[in-house]
Amino acid sequence: MEKPNYFQSYNKVIGATGEQLAPGAVPPHPVLAPSIAPGGVAGVSAANMANIMQTPGFANLVQQAIRTQLENQAAQQLAVNQQFQLNGATAVQQQLLLTPQQSLAQPIALAPQPTVVLNGVSETLKKVTELAHRQFQSGNYVEAEKYCNLVFQSDPNNLPTLLLLSAINFQTKNLEKSMQYSMLAIKVNNQCAEAYSNLGNYYKEKGQLQDALENYKLAVKLKPEFIDAYINLAAALVSGGDLEQAVTAYFNALQINPDLYCVRSDLGNLLKAMGRLEEAKVCYLKAIETQPQFAVAWSNLGCVFNSQGEIWLAIHHFEKAVTLDPNFLDAYINLGNVLKEARIFDRAVSAYLRALNLSGNHAVVHGNLACVYYEQGLIDLAIDTYKKAIDLQPHFPDAYCNLANALKEKGSVVEAEQMYMKALELCPTHADSQNNLANIKREQGKIEDATRLYLKALEIYPEFAAAHSNLASILQQQGKLNDAILHYKEAIRIAPTFADAYSNMGNTLKEMGDSSAAIACYNRAIQINPAFADAHSNLASIHKDAGNMAEAIQSYSTALKLKPDFPDAYCNLAHCHQIICDWNDYDKRVRKLVQIVEDQLCKKRLPSVHPHHSMLYPLSHAARIAIAAKHASLCFDKVHVQMLGKTPLIHADRFSVQNGQRLRIGYVSSDFGNHPTSHLMQSIPGMHDRSRVEVFCYALSVNDGTNFRSKLMNESEHFVDLSQIPCNGKAAEKIAQDGIHILINMNGYTKGARNEIFALRPAPIQVMWLGYPSTSGATFMDYIITDAVTSPLRLANAFTEKLAYMPHTFFIGDHAQMLRHLTDKVVVKDKETTERDSCLIMNTANMDPILAKSEIKEQVLDTEVVSGPNKELVRAEMVLPVLEVPTEPIKQMIMTGQMTMNVMEDMNVQNGLGQSQMHHKAATGEEIPNSVLLTSRAQYQLPDDAIVFCNFNQLYKIDPSTLDMWIKILENVPKSILWLLRFPYQGEEHIRKYCVERGLDPSRIVFSNVAAKEEHVRRGQLADVCLDTPLCNGHTTGMDILWTGTPMVTMPLESLASRVATSQLYALGVPELVAKTRQEYVSIAVRLGTDADHLANMRAKVWMARTSSTLFDVKQYCHDMEDLLGQMWKRYESGMPIDHITNNTETPHGL
């Protein structure tokens, strides 16, 4: 069982920075026009800018850019000074050095210069103007303005002073005065480009973008070499959404001076935001070529590599940036972020701690550091660090959201829910909190609330990959598999490396039956994240289902190495070992598995052991019920949301049968085809008394084209293919419309089940029967059809259903119809030999021609058998025909693989091993063979002189204690062997190894391959005794072996699955084959193996009881079942509550 779909708790990296501005390295342009362009693609129109500006993280980037520029003006000027040497700089270069915000004109040469008195000293206007510029460049705006005012008072038309006053007032936020000085400058010289550029800054700051653009454009028109104006124009164009023109403006600036590495870096930022990563990369590389010590370009180039998935190159460039500038805070943050994504957690912690050394009260860095602690499993440390981030920045929704994630991981779900709500209180559009709160609601079973929250998260942020994946998981749970696939694909489109989405989509594809596509998804998830334990576990499960045990064990083991505390992987790995009988550390493994299940049930989690596997482990009845109940709840939850607001299904009228209608019974199964369940019950629909019941069969699987399916379709009054109605709600509506009185669940939790249909209650009475050997644990199932031996009242606490007893056994087999050619047999022997009657056998549907041969002799044995439904004990005479002919030619035929031969002149026989090749439908049991089939021990390498003990069950039903009993039996029965099946083949080496370790000669264990149905049953005649598996009996295989007349030894335990064989044997009238203890089990088998007369008598008794008892009597079974179903309806009809129906049947003493 693969783990139920993983719900991504989106642990957002708080305030993750992208491209970084160079502190102090930006050429003159307005501080409020950051060099970062909004995220988007090339050619984004202005109409789409609003959406682009909402890109997660964009606002943080812009604010960081602005804050960096404002806080580092002095450093900016220093960096520019390093780029352009003041001594010998060109006029254009001198212009770039004047101010980070405003453009100033060069002083106009005047002769002679007027003077002003400064600090009692007479100075020229030129000297005072220079002093004003120096103070401005140092950020000393008050002193700069004082000097400018002295000049202005003396010369109101001094153009450089007017421009400088405009710049000073812009920096000090006196925007109106800044605008007035710019207008005065234009009045003085209407061709002054700098004045128009500064006026553009004013309009941009006031939000009048069009006016700003007009002034910037006029500035560059007046002065085409005006770099400052081009940069300001580029920033304004970005704000207006005209990204292509902004790129052009940057290019124009760089054509004037290609060595402006800061401008080139800003152009790279814009190109990156437009999705033009390769062009951005060229810009950053050119900036680094121009100035190799330019740390910002190294950091920005790291951002590009990170966006392209080149994680190691990104790490290298961020590390280079912090090497060049050890105080580069943003580079440390980016380095920490990319190391976190690469899951290099220790180095990520170091990077974040270095950032905190530079800025100890940086809430964002505390938040990111907490995320790493969370990923490392240091939950308490993560919680403390998130709380520190919140203390530093109380209005921090991301931190509240991530704190909630950590609290939830710790098990503090209530507190986690409160933190998500706090995040949403601070920011109602916080999509992460919507998503994560939905996860909690989903785990609480509040599917409707969860769905609403996921949809809300996607409404806020349609590109939210985790929310798409989580919504898909709910859709999968509801059976809307195609819709789920669409959302998983959308999640992967948004986040191509979203490993969880790939893994979950694999689960959905597996459920849809597309195993190859599911494997591809799991492998892709592992390729993305080799440490993704869930994906390894899911891949293991699909290998397990396909019987690829080596691959399954390897993948489960890998999952556990990656995640030692992984209950699903541990329990599934334990089941794999059980399947192949690998019992190393068996007791320890089983104890741990039981503890895992008990812990999960205590915490009200879905257990990691599937209901159908729970019978294999020493779990309490309460635990098995709880496991089943959890799965029943999943079925109920899946359909509950679908039916909200719909009219409840209308049941058949309570008095419809009383008013003359026949009782309508509906059999529901996915196994109407070539499946053991159909092999058992295919004749029942046709043998029901149609004067009493009206039979409906509802198939959950498509037509497999076999005769089994055809027989059921033809002999049922109504056969409905529900596989063509995939919607459980509509399927339930169909059943309700058919007016079914009693609906019978034949699947339980086996493959192909649709218990969701039963959860919708389409019938007033719903019953478990035959196909699933345990309780459903479901409140929507009323009865389980069983018997007093299989389910004595003392074990009623093992079921949520009420017990409804059949009078003999609840089990049935169609062998008398399906395999009637095995009703009789002829033993073939050489004259004068004492070969056993189980060495060489002939079977055919018509024995008369063989029995007429003169070579036929008769062996007669008297025995006592039960007869009929009243189980009357009667004497019976077994007459066994023996054909005495030379057997050597037959043995040669078998050794050479010859298909047919003449035993006598007119008697052609067929090698029984050739049935599959010669008659396919006869081999599968769909048709009765029309030839004489020869079955020999030689065909299976079984010695003629040996006592052959057999077991044809799947090997997972064997446990160490069972094999220990079998070894003891072999040790006490000379010349005995144990005949098992390679079911699966991987179990053979482990069983042989176990036996050898306990001193048993490995040659005494014989394995055969799994065979088609007819051969599988027929070859059972070659065994002397069948040894049943107490842990989980042979159910269908028990019926198979008994049909061949072979005695079966069993021992009932406490589970239903462990008591079926006992019920069969009691119904057959041979309770002496049922042991109460392990010692008795061994004793019964040893006596059969060592006492030839006792064995012969027991074989005769079983052989005769097949046809005299009710065990294989389908007609009688139908009559008994009709009585029982009628009693259920009578109780309902009279308004009586559901209760046990025992019909005073008593459980035999000691059972």
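Even glycines carry a Cβ here, placed using N, Cα and C.
Mean pLDDT, taken over the repeat 'TPR 1' (125-158), works out to 89 on the 0 to 100 scale. According to Swiss-Prot, the feature repeat 'TPR 1' maps to 125-158.
According to Swiss-Prot, the feature repeat 'TPR 2' maps to 193-226. Using DSSP to sort the residues of the repeat 'TPR 2' (193-226) gives these counts of helix, strand and coil: 27 helix, 0 strand, 7 coil.
The repeat 'TPR 3' (227-260): residue composition by secondary structure is 27 helix, 0 strand, 7 coil, according to DSSP. Annotation comment: Swiss-Prot describes 227-260 as repeat 'TPR 3'.
The feature repeat 'TPR 4' is assigned by Swiss-Prot to 261-294.
Here Swiss-Prot flags 329-362 as repeat 'TPR 6'.
Annotated repeat 'TPR 7' per Swiss-Prot: 363-396, in sequence order. Helix, strand and coil residue tallies for the repeat 'TPR 7' (363-396), in that order: 27 helix, 0 strand, 7 coil [DSSP].
Annotation source Swiss-Prot lists repeat 'TPR 8' at 397-430.
Sorting the repeat 'TPR 9' (431-464) by DSSP state (H, G, I as helix; E, B as strand; all else coil) yields 27 helix, 0 strand, 7 coil. Feature annotation from Swiss-Prot assigns repeat 'TPR 9' to 431-464.
The repeat 'TPR 10' annotation in Swiss-Prot covers 465-498. Counting same-chain residues at least six beyond the ends of the repeat 'TPR 10' (465-498), those with a Cβ under 8 angstroms from any Cβ of the stretch are 5-8, 10, 309, 431, 434-435, 438-439, 442, 447, 450-451, 454-455, 457-458, 504-505, 507-509, 511-512, 528, 634, 637-639, 641-642, 726-728, 756.
The repeat 'TPR 11' annotation in Swiss-Prot covers 499-532. Beyond the repeat 'TPR 11' (499-532), the same-chain residues lying 6 or more positions past its ends with a Cβ under 8 Å from any Cβ of the stretch are 2, 5-6, 8, 343, 465-466, 468-469, 472-473, 476, 481, 484-485, 488-489, 491-492, 538-539, 541-542, 545-546, 562.
Residues or ranges marked as repeat 'TPR 12' by Swiss-Prot: 533-566. The residues of the repeat 'TPR 12' (533-566), classed with DSSP into helix (H, G, I), strand (E, B) and coil, number 27 helix, 0 strand, 7 coil.
Under the heading repeat 'TPR 13', Swiss-Prot lists 567-577. Secondary structure by DSSP for the repeat 'TPR 13' (567-577): 11 helix, 0 strand, 0 coil.
Residues or ranges marked as motif 'Nuclear localization signal' in Swiss-Prot: 591-607. Taking Cβ pairs closer than 8 Å, the motif 'Nuclear localization signal' (591-607) reaches residues 4, 567, 570-571, 574, 617-619, 623, 626-627, 630-631, 634 in its own chain, all 6 or more past its ends.
Long-range neighbours of HIS612 (active site, proton acceptor) (same chain, six or more residues apart, CB within less than 8 Å of its CB): GLY748, TYR749, THR750, TYR772, SER774. Under the heading active site, proton acceptor, Swiss-Prot lists HIS612, citing similarity to another entry as support.
For GLN954, LYS957, VAL1010, ALA1011, ALA1012, LYS1013, HIS1016, VAL1017, ARG1018, ARG1019, GLY1034, HIS1035, THR1036, ASP1040, the entry in Swiss-Prot reads UDP binding site, with the evidence type similarity to another entry. Look at GLY1034 (UDP binding site): DSSP puts it in coil.
Within its own chain, GLY1034 (UDP binding site) has ASN951, PHE952, ASN953, LYS957, CYS1026, ASP1028, ASP1040, ILE1041, MET1048, ALA1061 as residues 6 or more apart in sequence whose C-beta sits under 8 angstroms from its own. The full span of the recorded UDP binding residues, GLN954, LYS957, VAL1010, ALA1011, ALA1012, LYS1013, HIS1016, VAL1017, ARG1018, ARG1019, GLY1034, HIS1035, THR1036, ASP1040, taken as their largest Cα to Cα distance, is 22 Å.
For the repeat 'TPR 8' (397-430), the DSSP-based tally of helix, strand and coil residues reads 28 helix, 0 strand, 6 coil.
In the three-state DSSP assignment, the secondary structure recorded for VAL1010 (UDP binding site) is coil. In the repeat 'TPR 10' (465-498), helix, strand and coil residues by DSSP number 27 helix, 0 strand, 7 coil.
In the shown protein chains, 18 other C-beta atoms lie within 10 A of the C-beta of HIS1016 (UDP binding site). Residue counts for the repeat 'TPR 4' (261-294) by DSSP state, with H, G and I taken as helix and E and B as strand, are 27 helix, 0 strand, 7 coil. Contacts of THR1036 (UDP binding site) defined by a Cβ separation under 8 A and a same-chain sequence distance of 6+ are given as PRO676, HIS679, LEU680, GLY813, in order along the sequence.
A coil conformation is recorded for GLN954 (UDP binding site) in the three-state DSSP classification, outside any helix or strand.
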